[in-house]
């Protein structure tokens with residue numbers, strides 16, 4: 001396969017069916033109406049019923065969608081994609097009955113990945129992460145968040161974030177980087193959590209932000225990780241640097257982290273299996289997105305469901321993500337997560353599809369550019385040979401896109417995908 005830029009998607013994409021809820025505004029385009037999308041210079045210039053296509057676009061090339069269903073490009077808003085090694089041994093431990101906390105106390109968990117990540121060079125981490133990203137892109141993902149948090153020292157956190165930036169450049173995909181230095185206490189700081197938080201706030205975060213490597217800041221607030229007070233210190237440091245925050249919140253217990261995050265205008269609170277009504281109310285008031293991570297729930301064999309009905313009643317937007325990581329969610333299909341969100345968490349199909357598009361984009365602060373189709377937005381959309389949009393959540397991850405337009409270029413046609421590879425539309 002020769003390496004060259006993806007072919008431009010400029011032209012008229014016609015004979016399409018719009019997924020319900022796909023449009024960024026309230027344009028009255030019925031989902032059963034044959035639709036067209038006009039792309040020029042990598043952006044959507046017009047979208048609507050084919051019969052209403054303005055004559056001024058008639059000279060553009062035409063792409064026959066063949067009646068395909070079109071959705072916005074998918075958004076995976078919570079991943080730990082860059083790391084060294086894997087943790088299959090912990091899978092066996094959990095099958096034998098070990099809890100999340102017991103695995104961590106036995107030397108596994110996050111610290112196990114820290115050792116492997118520190119031992120790997122930047123190029124090695126890129127080589128390991130690239131096939132993972134390719135699998136997600138093959139699902140129709142057009143934007144992705146990648147966290148640090150397996151370095152837990154300045155040079156190693158920098159290494160992870162640099163790899164994340166490189167992945168975005170190599171694959172032509174929107175990557176939002178999140179600094180998760182407060183993911184776990186590194187072994188060399190055992191018993192000195194405040195000293196480590198001081199390092200995170202005073203040295204690591206300012207340095208990485210100055211290098212342009214940080215788009216947002218996250219903390220794991222939990223009894224086996226960092227306290228509310230320590231979390232707030234990190235949020236204050238992020239606030240001083242003008243960076244948005246998010247939180248691993250209420251996964252194993254109700255720490256009150258969601259309410260704290262909402263006070264800082266958090267983009268999202270993620271996991272939230274033990275989220276309280278007070279946390280829900282605070283998130284609603286702040287406009288904070290609830291990110292559901294069914295892969296981790298499934299892998300950990302959790303039985304405490306997130307409060308879906310209460311979130312729904314409160315009108316808190318719910319996103320769905322893979323939470324790809326080597327320990328608790330080795331998942332690489334966002335469509336499978338949509339299915340699991342429906343079957344395990346009882347989301348409706350429209351909620352699940354909004355969760356991997358519109359609401360996921362909002363969880364990354366990308367709501368004006370990603371997750372919905374609209375005039376002036378970058379051309380990020382996916383064509384599917386499906387009869388009904390419900391099939392996106394119905395199949396157990398086996399449904400491959402027909403065509404992916406990512407960042408205004410035809411990134412996939414068929415099942416082939418590679419960084420900067422030319423694929424004929």
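Heads up, the Cβ atoms here are built off N, Cα and C, so glycines get one too.
According to its DSSP assignment, residue 323 (Fe(3+) binding site) is coil. Residue 323 (Fe(3+) binding site) counts 27 other C-beta atoms within 10 Å of its own C-beta, drawing on all protein chains shown. According to Swiss-Prot, the Fe(3+) binding site annotation covers 78, 80, 248, 323, on the basis of sequence analysis.
As annotated by Swiss-Prot, Zn(2+) binding site applies to 78, 80, 248, 323. The Cβ of residue 248 (Fe(3+) binding site) has 30 other Cβ atoms within 10 Å, all protein chains considered. Secondary structure at residue 248 (Fe(3+) binding site), as computed by DSSP, is strand.
Summarising the annotation, Swiss-Prot assigns 4-imidazolone-5-propanoate binding site to 87, 150, 183, 251, 328. The secondary structure of residue 183 (4-imidazolone-5-propanoate binding site), as reduced to three states from DSSP, is coil rather than helix or strand. Taking the Cβ of residue 183 (4-imidazolone-5-propanoate binding site) as reference, residues of its chain lying under 8 Å away and at least six apart in sequence are, in sequence order, 110, 147, 148, 149, 150, 152, 218, 219, 220, 225.
Here Swiss-Prot flags 150, 325, 327 as N-formimidoyl-L-glutamate binding site, drawing on sequence analysis.
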Entries of 87, 251, 325 which, being binding-site residues, have CA atoms within 10 angstroms of residue 80 (Fe(3+) binding site): 325
Near-site residues: Fe(3+), ref 78, 80, 248, 323, CB cutoff 8 A to centroid: 79, 147, 270, 271, 293, 296, 321, 324, 325, 329
Output field, N-formimidoyl-L-glutamate shell: CB within 8 Å of site CB centroid, site 150, 325, 327 dropped: 80, 83, 87, 110, 113, 149, 326, 328
